[in-house]
Each structure stands twice: as C-alpha cells, then as structure tokens.
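Trainee: Okay, handing you the structure first.
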Amino acid sequence: MEDENVRDALLKKNYYENCPGCKVDKAKDLKTDVSFRNLFNIWTVVICSSLPVSSLFPYLYFMIRDFNIAEREEDISAYAGYLGSAFMFGRSLTSLVWGVVADRYGRKPVVIFGVISVIIFNILFGLSTSFWMAVATRFFLGCLNGSLGPMKAYCSEIFREEKQGLGLSTLSAAWGIGLIIGPALGGYLAQPAVKYPHLFPKESFWDKFPYFLPSLSISAFAFVVVIACIWLPETLHNHPLSNESIDDAEALGTGNNRNDADKSIQKDENLFLNWPLMSSITVYCIFSLYDVSYQEVFSLWAVSPRRLGGLDFTTDNVGDVLAISGIGLIVYQLSLYPSLERVFGPIRFSCISGVLSIPLLQSYPFIAMLSGMTLYLVINIASLLKNVLSMTIVTCLFILQNRAVEQHQRGAANGISMTAMSLFKAIGPAGGGAVLAWSQKRMHASFLPGTHMVFFILNVAGGLGVLLIFTPFLRQKKTTPSEQLVTVT
C-alpha cells in the first residue's frame, strides 16, 4: 500500500504532462520501460551508425588501386590507411559538440541528424571518382554523424537503474555486430558488374561506380531508420524544473528531504579527476586503436597477393569470412557472454581475452602458408575467435566506464570517452595501413619478415592494454548494489 501511495504521488505531482522526459520517467516508475520497442530503437540506430565505419575495408585496396594514386602496389595499403582514418578523425573533432547539443536540445534531434548524414555522405562516398573526394566524404560523415555518444547516454536514461545493463549490453552488441556486417556487405556488393554480370552488365552505371552498391544499401537502411526515429522517445526534460521529479522521487521513496538531494548534487566530482573512469577510458582507447588497426590490416592483408604475404582473397571471400564471424558474434553475445561475464567479472574476463588474442594473432602469417579448403576453414575459425575476444574486451571496458560514474554524469563521461576513442581510432587505420605497406616491402628481412612484423606490432599494442588491466590500473570505486550494472538482467 505504501508503494502504491508513493507511485500515486509521483504520477500526480512530479511529472509534467507534455514533457517527453517526464513520460520516460513515468514509464520507468511504472516498470514499463523494458520493451521490445526500446531495445529495437537502440539496436537499429546503433547498427546504422556502425555499418559505414568499416564497410569499406574489404574493397578499400581495390578502390585505392582504381584511383591510380599509388605509385607502387606496396603503397596501396598506406593510402588505404589514410582514407580509413578520415571518418574517425572527423568524429574526434565533433563528439563533444554533439554531446553538448544533445544535452541542450535533446538526444532525438542529434540521432536523426546523424542518420540523415549517413544517407547523404555514404551515397557520395560510393560515387567518389578520386582519392580526395573519398577522403572528404568520409571526413564529413564522421563530423556530422554524432549519434553514438548520445545513444550511450540514451541507454542509461530510457531504462530504470536496475535494467540499464540490458540497454548498455544491447548497444555494445549492436555496435560490434555492425562492424562485422558492414564489411560483409562491402565484400559481397562491391564490384557487382564483375561478380554478377547478368544483373549488372558491363559498361553500365554499376561498372562505372563499382563501389556504389554497398554504400547505397547502407543508405537505404539508414532511410528506413530515420523514418522509424520519428517515434523514438525523447529522454530530455523540456521544463525548467527538469530535476524536480527525480529529486522528489528519491525523497518520497527513501524518506530523505530535498536538502539531502541538493547536497548530493553539489558533490559531483570532476570527471577528469575520476581515476576509475579515466583509467578505463585509457585502456579502452588502447584497445580501440588495436581493434580498428586489426580490422583495417585484416581486410588489406586478406586481399593482398601471395607474394606480399597475403591470402589473395577476393572481396567475396572476405565477405564470407566476416559474415561467418558476425553470425558467431551474435550467438556469443546473446548466449555465452552474459554468463561468462558474471562468472569472471569484467576485469578478469577482459584480461583472459587479451592474453588469448596474442598467440592467435601472431599465427596469422603461418595461416597464409595454407591453401584450399584448409586455409578457408582455419581463417574462418581464427577470425571468429579474434572478433569474439575483441568484442569481449571492448564490452567489459565499456561496462567499467559506466560503473565508474553516477548515472547523472554518464552523458558527459561518454562524451569524453567518444572523443578520446575517436582520436585513437583515427590513428589506427593510417598506422595499420602504413605498417602493413612497410612490412610488405621487407619480405626477406632476417627479423620478423613480411607480415610477421605487422601482426607483432599489433600484439605490442594489445599486450600493453593487457598489462594495464593486470595492474591495479582499473581499480574501481566502491558502489552500492543498486548502482552496479550487469550485462543482462
């Protein structure tokens, strides 16, 4: 009866009828926030944002070759790295700006604008006729698509506290799966006039723009998403007393007065002095650099000729490998990961995954010595394991970041994380492409010849991240049970 009185008081006194944020708070108080609709909204928006990030990797080698900008074949990987970095460099410049806009005008407008930018600039990228046009379109896509940071805050706001782990896990899984499905689409749909001449004849539009079809397919999906976003619930309050309902709910539910709530608000700490947060962001940035470098290097290495230590795959072969990895990643995220994370905890689980990644990655140059069905089978298993381990690390670190701050500071914390991560991810493709190009010029070196060197350098970056996790670097502050996030409730 007391709980019902509290609920009635909240509904009558503390929520404004025309405020979208109050409607979300009311749904949380009535425990109707966990719905298929909310999870579907997160899933579609995040996948739409992640698909363009790496969809170009399978055909990037051939795209650079067709631009005729590289003087030698060994230089293609370096130019591919610069193009791959343009998106993340643009995003690193505007992530904080979009976070401020989202806090002032709402999450929904920023999300819709970001999805519209995917529609426009992804199509323009597919129509690129020169290297610099491709770089410019990717850069502006990164600058204008600022939806991921607000979506991280959205996941913490749309669900009540004990269910926030479900939203965060959904976001992380959708992002990782988008990074796998995107390259698979790029691999299958690039150069359609060569692969499917009965549908896309020679000398046609599709032959003139061989990389337009994968861009068009992603933009078409984004068009559907932007229509669906019309019904996306806004979580930002639009009245001057936006915190009143939250404070009153705490006062009614716990018996504390408003002075206690005011005091707790005044105790907000400087996020840059929050050691658990900044340390987890640091490790997250290192692994983001490692992960995006691997994605770039893998696609370029797979399509490189055998004489340069590659697999001599077609874009279809790369698409097959990444599609299988994506399906396996979905199964893993929905079935095994939640149980394993609960058993080991995020820190220990990320440590184990990082250690296992090192010998696996260093085996790639030896896998290139195989051929036929054996090569195809082994590289699929290796790619699946590598993506599962990488996604485990990133998801665990993402959970640690959100545990390190109170709920009302998670939006700002995610803005800092996005900016730092984007800077590191901007370095990754350029650095990975340059190192791969350099390694392919030293095929007969006495120490770590050819691609042995590029995978060794990737392991150095991954090993540094593991070393930081092994130390007390990620020691978390104590939290109450109600503050703890879990991956699946």
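Here the Cβ of each residue, glycine as well, is placed from N, Cα and C on the backbone.
In case it's useful when we look at the structure, here is the feature table from TrEMBL:
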type     : residues : note
DOMAIN   : 38-477   : domain 'Major facilitator superfamily (MFS) profile'
TRANSMEM : 40-64    : transmembrane segment
TRANSMEM : 76-98    : transmembrane segment
TRANSMEM : 110-135  : transmembrane segment
TRANSMEM : 166-189  : transmembrane segment
TRANSMEM : 209-232  : transmembrane segment
TRANSMEM : 271-290  : transmembrane segment
TRANSMEM : 321-340  : transmembrane segment
TRANSMEM : 347-367  : transmembrane segment
TRANSMEM : 373-400  : transmembrane segment
TRANSMEM : 412-438  : transmembrane segment
TRANSMEM : 453-474  : transmembrane segment
Trainee: Using a Cβ cut-off of under 8 Å, list the residues of the same chain at least 6 residues beyond the transmembrane segment (76-98) that approach it.
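Mentor: Contacts of the transmembrane segment (76-98) (Cβ under 8 Å, skipping residues fewer than 6 from its ends): 52-53, 56-57, 60-61, 63-65, 67, 69-70, 110, 114, 131, 134-136, 138-147, 149-150, 292, 296, 300, 304, 415-416, 418-419, 422-423, 425-434, 436-437, 440.
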Trainee: Would the transmembrane segment (321-340) count as touching the transmembrane segment (373-400), if touching means at least three Cβ pairs under 8 Å and pairs must be 6 or more apart in sequence?
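Mentor: These two segments touch.
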Trainee: When only pairs 6 or more apart in sequence are counted, do the transmembrane segment (373-400) and the transmembrane segment (40-64) reach 3 or more Cβ pairs under 8 Å?
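Mentor: By the criterion, they do not touch.
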Trainee: What residues in the same chain, six or more past the boundaries of the transmembrane segment (166-189), come closer than 8 Å to it by Cβ-Cβ distance?
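Mentor: Distant contacts of the transmembrane segment (166-189): 34, 38-39, 42-43, 46-59, 148, 151-152, 155-156, 158-159, 213-214, 217-218, 295, 299, 315-320, 322-323, 325-326, 329-330, 333-334, 338, 387, 391, 394-395, 398-399, 402, 485, 487-489.
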Trainee: Would you report the average pLDDT that the model assigns to the domain 'Major facilitator superfamily (MFS) profile' (38-477)?
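Mentor: The average pLDDT of the model in the domain 'Major facilitator superfamily (MFS) profile' (38-477) works out to 83.
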